[in-house]
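As structure tokens, the structure follows; a few thoughts come after it.
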Amino acid sequence: MKTNCEFPLLCLLIVLVANVEGEVEDTGLKMVKRLWRNWEDPEQRQLLDQGTELEKQREKRLWRNWEDLELRQLLNEFAENQREKRLWRNWERRQVANEDDGEKAKELWRNWEDLKRRQVADLNDEQETQRDKRLWRNWEDNHATLRKRSADSLSRQKRLGKERGKE
């Protein structure tokens with residue numbers, strides 16, 4: 001039976017009732033002692049609460065940074081697409097204005113379209129490569145963060161265990 005009780009007398013009552021009902025045996029007294037130690041040490045409670053709050057803030061900050069990065073990348077891609085559309089329209093206008101020979105213009109148009117298709121294909125390949133690299137870096141960063149957080153938590157638990165063992 002595990003509980004995190006803010007009122008030690010209520011916890012004691014819960015443990016006693018559980019003992020009477022046969023749910024808790026020898027561990028009941030240990031749990032009462034642990035709860036009482038936690039209740040007596042408000043400084044320790046405050047440190048644990050602060051650590052939890054700092055961890056939550058850090059996670060929120062990491063998430064906002066990632067969202068900001070994604071938004072900037074989308075805006076850059078949109079601006080690049082708009083620039084390409086403007087170039088295309090300007091080229092079309094010049095072709096219509098300078099159209100002397102119909103066949104020559106059609107050939108130039110086809111050549112330009114082929115060039116644009118190749119550029120778009122190359123750009124798409126490059127964007128996919130960059131996206132894959134970005135996703136991999138994000139995964140590595142998140143994995144490293146989780147490993148560090150786990151190690152910090154483990155060392156904090158060991159430290160708390162040693163401090164409680166001295167009592």
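Glycine is treated like the rest: Cβ placed from N, Cα and C.
The following features are taken from Swiss-Prot:
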- 1-22: signal peptide (SIGNAL)
- 34-40: repeat 'RLWRNWE 1' (REPEAT)
- 61-67: repeat 'RLWRNWE 2' (REPEAT)
- 86-92: repeat 'RLWRNWE 3' (REPEAT)
- Gln95: pyrrolidone carboxylic acid (MOD_RES)
- 107-113: repeat 'RLWRNWE 4' (REPEAT)
- Gln119: pyrrolidone carboxylic acid (MOD_RES)
- 134-140: repeat 'RLWRNWE 5' (REPEAT)
- 147-167: region 'Disordered' (REGION)
### Task
With DSSP as the reference, give the number of residues of the repeat 'RLWRNWE 5' (134-140) in helix, strand and coil.
7 helix, 0 strand, 0 coil
### CB contacts for Gln119 (pyrrolidone carboxylic acid) [other CB atoms within 10 A, all chains]
11
### Sequence-remote partners of the region 'Disordered' (147-167) [C-beta within less than 8 Å, at least six residues beyond its ends]
37, 44, 51, 55
### Task
Within 10 Å of the Cβ of Gln95 (pyrrolidone carboxylic acid), how many other Cβ atoms can you find? Include all protein chains, please.
14
### Task
Could you round the CA separation between Gln95 (pyrrolidone carboxylic acid) and Gln119 (pyrrolidone carboxylic acid) to a whole angstrom and send it over?
20
### Summary
Here the mean pLDDT of the repeat 'RLWRNWE 3' (86-92) is 86
### Query
When DSSP states are grouped into helix, strand and coil, how many residues of the repeat 'RLWRNWE 3' (86-92) land in each?
7 helix, 0 strand, 0 coil
### Task
Would you mind splitting the repeat 'RLWRNWE 2' (61-67) into helix, strand and coil residue counts from DSSP?
7 helix, 0 strand, 0 coil
### Message
Based on DSSP, tally up the residues of the repeat 'RLWRNWE 4' (107-113) by helix, strand and coil.
### Response
7 helix, 0 strand, 0 coil
